[in-house]
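**Q** Feature list, courtesy of Swiss-Prot:
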COMPBIAS  242-254  compositional bias 'Polar residues'
DISULFID  CYS165-CYS209  disulfide bond
CARBOHYD  ASN36  N-linked glycosylation site
REGION    233-254  region 'Disordered'
SIGNAL    1-21  signal peptide
Amino acid sequence: MMCPLWRLLIFLGLLALPLAPHKQPWPGLAQAHRDNKSTLARIIAQGLIKHNAESRIQNIHFGDRLNASAQVAPGLVGWLISGRKHQQQQESSINITNIQLDCGGIQISFHKEWFSANISLEFDLELRPSFDNNIVKMCAHMSIVVEFWLEKDEFGRRDLVIGKCDAEPSSVHVAILTEAIPPKMNQFLYNLKENLQKVLPHMVESQVCPLIGEILGQLDVKLLKSLIEQEAAHEPTHHETSQPSACQAGESPS
């Protein structure tokens, strides 16, 4: 009785062997879907690099925009610039340096025929006050989110529509890195930090969002449709989470 049982087990084992290679394409398809997502992210990243997004951000000028902001306390920049009477002709400056555009971390989200791209960037700020010889170092972090989708026209053809592009409010952080701050500057720097958090997102959006619109406008609709079909077929459930950056973890002087 044992012999037929072993023969049956061996026979079933042999039947299972040809099935093994057929299981391989499924992980491959899942990987291809992830590759498609990263391909779309790479297209956006390469476009931002090609259009010198970092240089555009670095060339942002602050003085007029800070003073013109309705949220800025009256005379803030004027006080910053004048400081002392004998330095009235010397302007203070805020320069952007060390821009880190996280092209490798661009996240693409799908829902039916709707897409969302999340682009994280971080940079340093150097404040040179006219009333003080010390340079105050700060850093800023934010995530730009752009939405785009496929929409049918009156003839049933799909067109790419680009929606809102702005900084996610909860992602905007400005931190003061310099530790040796004179006590007389604490309140001023606190106000400046609050004002920068209000105006920086709009200033960065004005440089980055037009570039993203141009990049997305060149995408092939068939490619996007293919990505949507892949998403509908596999519906990945994992979500990547990023660790807080050094700037996000930074603290302002008390």
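Every residue gets a Cβ built from N, Cα and C, even glycine.
So where do these features actually land, and what's packed around them?
**A** The secondary structure of CYS165 (disulfide bond), as reduced to three states from DSSP, is extended strand. Sequence-distant contacts of CYS165 (disulfide bond), defined by Cβ-Cβ distance under 8 angstroms and a gap of at least six in the same chain, are ILE144, VAL145, VAL146, GLU147, GLU205, VAL208, CYS209, ILE212, GLY213.
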